[in-house]
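S.K.: Please find one structure pasted underneath; my questions will follow.
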Amino acid sequence: MERVSWRTQVLSNHLLPQQSPSLLSPNPCLQFSPPELSERFSFDIVEMRNLLDGHNLPDRDWIFGLMVQSKLFNPFQSGGRVFVSPDYNQSMQQQREMTMKRIEYLLDNGVFKGWLTDNGIEAAWRKFALFEAIGIYDHSLAIKLGVHFHLWGGAIQFFGTKRHHDAWLKNTENYAIRGCFAMSELGHGSNVRGIETVTKYDSSTGEFVINTPCESAQKYWIGGAANHATHAIVFSQLDINGKNEGVHAFIAQIRDVDGNICPNVRIADCGHKLCLNGVDNGRIWFDNVRVPRENLLNSVADVSVEGKYISATDDPDKRFAAFMAPLTSGRVTISLSAIYSAKIGLAIAIRYSLTRRAFSLTPNGPEIQLLDYPSHQKRLLPLLAKTYAMSFAAIELKNIYVKRTPESVKTLHIVSSAFKATFTWHNIRSLQECREACGGQGLKTENRIGQLISEFDVQSTFEGDNNVLMQQVSKALLAEFIAAKKTNKPFKGLGLEHMNEACPVIPSKLTSSVLRSCQFQTDAFCLRERDLLNLLAAEVSRYVSLGNSKEYAIIQSFLVAEDLGRAFSEKAILLYFIKVENSVPSGSIKNVLGLLRSMYALICLEEDASFLRYGYLSPENIAAVRQEVKKLCGEIRPHALALVSSFGIPDAFLAPIAYNWVESNSWSSVQQKEGHC
């Protein structure tokens, strides 16, 4: 009734003439109040950051400071704070030149020291830390560096031998040369085996001759090619005396020291893009370009002076697999950057939701903070829990990469493929939700989230289409399943050891304590993976029994394969989360991690239709899961500010709406900006 009376009075005030101005009482203006004044931290955010970043915190903070102090990183003031962010109003060419100027600044300050010439484990961890911090500032800058160091430089490291290392790595590290990575073609992207560039050996001169035989063979989307690269790693079919020996990699110069395009090389710009306009993507044609015999990267195979093909294996499949194995570095770094991008979005959106208010429960009552609405909590806090889970998994992925051995190459390939797809999908979903959760303010470029959606959308495509990668994961798991059954040996590796044990049994009634237990969560995830792997094997077998090839059978079984890829990835992430949680002593951090781990596990159960589709959980169980997620949102809510503060992202790398958004949008702020124009 009180609400009805209030609405009646409002309508009366509109419709009836007012007798006295005293009936109008002005409302006080909204005032920004820092969330730190009302939100208490129940745990040490420095300790939590140590868990999240995992390594090299001083190096990260050093490069953050290096970027903030230089005008090259476009500092601007808003709401009494200094922020740094690329100027996306610049033309494409201006953005590209700014990217190179920033690289030169970082080079002059010793950021890249040892990135290719120091093979120690400590150097590898430092490189990861610095690269992640750079990516927090600008995706174009990170991609430009990634092409030069991880793709061009990494190809020389892993495909080349000592002669290549001595000739190229130091010059790459100090930017005496600028490299690019010419693999993708107009007609072939994910299917590297199908590329059409052809290279033949001329024994009379001791040279390889690289040729683009048709328009679909032009190299496409080659980062660095349009403006800056002097050299390229060219992936090509190798023709020796009329026999195709498969895909190999060659070093070819495409520009001279003055930046002029080399003879018999044609280069065109890919043009303006949805994102990454600070990267000069180009197209390359090779018109019988000659390179020395020594420019074949020969760690896998070689060609003698006389033109004889030499390889450690005659099996082209094994040779191709060995050749492609080192390329996992790209998927690893993309996975990492996706998680840091999600952290930026969540830090901004959650901080904003702790200071922005809307509507009230009573006519004259105070407006409610956005994050105090259960619906707003459900939008953001499960994504926060997933980001924590994937952060821990990302550290494990880096660990696998840094400590890789020939025996672990398969595991690295499968895990990096699964995580690249899972993390990048999660990032875009998180950013979109964060953008919407910030309302109209989320549309402003200076508030970062909208621009991040555009900048990171490409991650689902490059270094392997996400759907293709997930099918590769399922195909690899199927191969493990078939091998174990054929040899009658236990499963070993890829986290499939649970297949050797009895099938888990899910309780018919799921109480809160059961739902939050590691045992139930692990059992549910293992049951899903186990059953889907059996289903995929049965479906493929059925197609083969009808006279179809195994390849056709796998293609037709894509529905189960997609579910299996997701099951593998989410289970691996959960197990890595539990590993971190178990490493922490009892106390406030462990308690919060328990809440986040349960949130991660249960939101996966709620969101994946597989649990209902295949009957792992009943409709009643799913309903119980959904209610538990709602309860967890309320329990995580008091820790929200501390959890995003633990990301360790400096204020300058967030956005004005994460702080005093009233002052940032004030008239005095407008005048201040005009004064700087």
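Using the three backbone atoms N, Cα and C, a Cβ is placed for every residue, glycine included.
Below are the features listed in TrEMBL for this protein:
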type     : residues : note
ACT_SITE : Glu463   : active site, proton acceptor
BINDING  : Gly223   : FAD binding site
DOMAIN   : 180-289  : domain 'Acyl-CoA oxidase/dehydrogenase middle'
DOMAIN   : 327-478  : domain 'Acyl-CoA oxidase C-alpha1'
DOMAIN   : 521-654  : domain 'Acyl-CoA oxidase C-terminal'
S.K.: Cβ distance under 8 Å to the residue listed as 'FAD binding site', same chain, sequence separation 6 or more: which residues?
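M.R.: Looking at Cβ-Cβ distances below 8 Å from the residue listed as 'FAD binding site', excluding near sequence neighbours, one finds Ile143, Lys144, Val147, Leu151, Cys180, Phe181, Val279, Asp280, Asn281.
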S.K.: Just how many other Cβ atoms lie inside 10 Å of the Cβ on the residue listed as 'active site, proton acceptor'?
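M.R.: Its Cβ has 25 other Cβ atoms within 10 Å.
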S.K.: Averaging the per-residue pLDDT over the domain 'Acyl-CoA oxidase/dehydrogenase middle' (180-289), what integer do you get?
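M.R.: PLDDT averaged over the stretch: 97.
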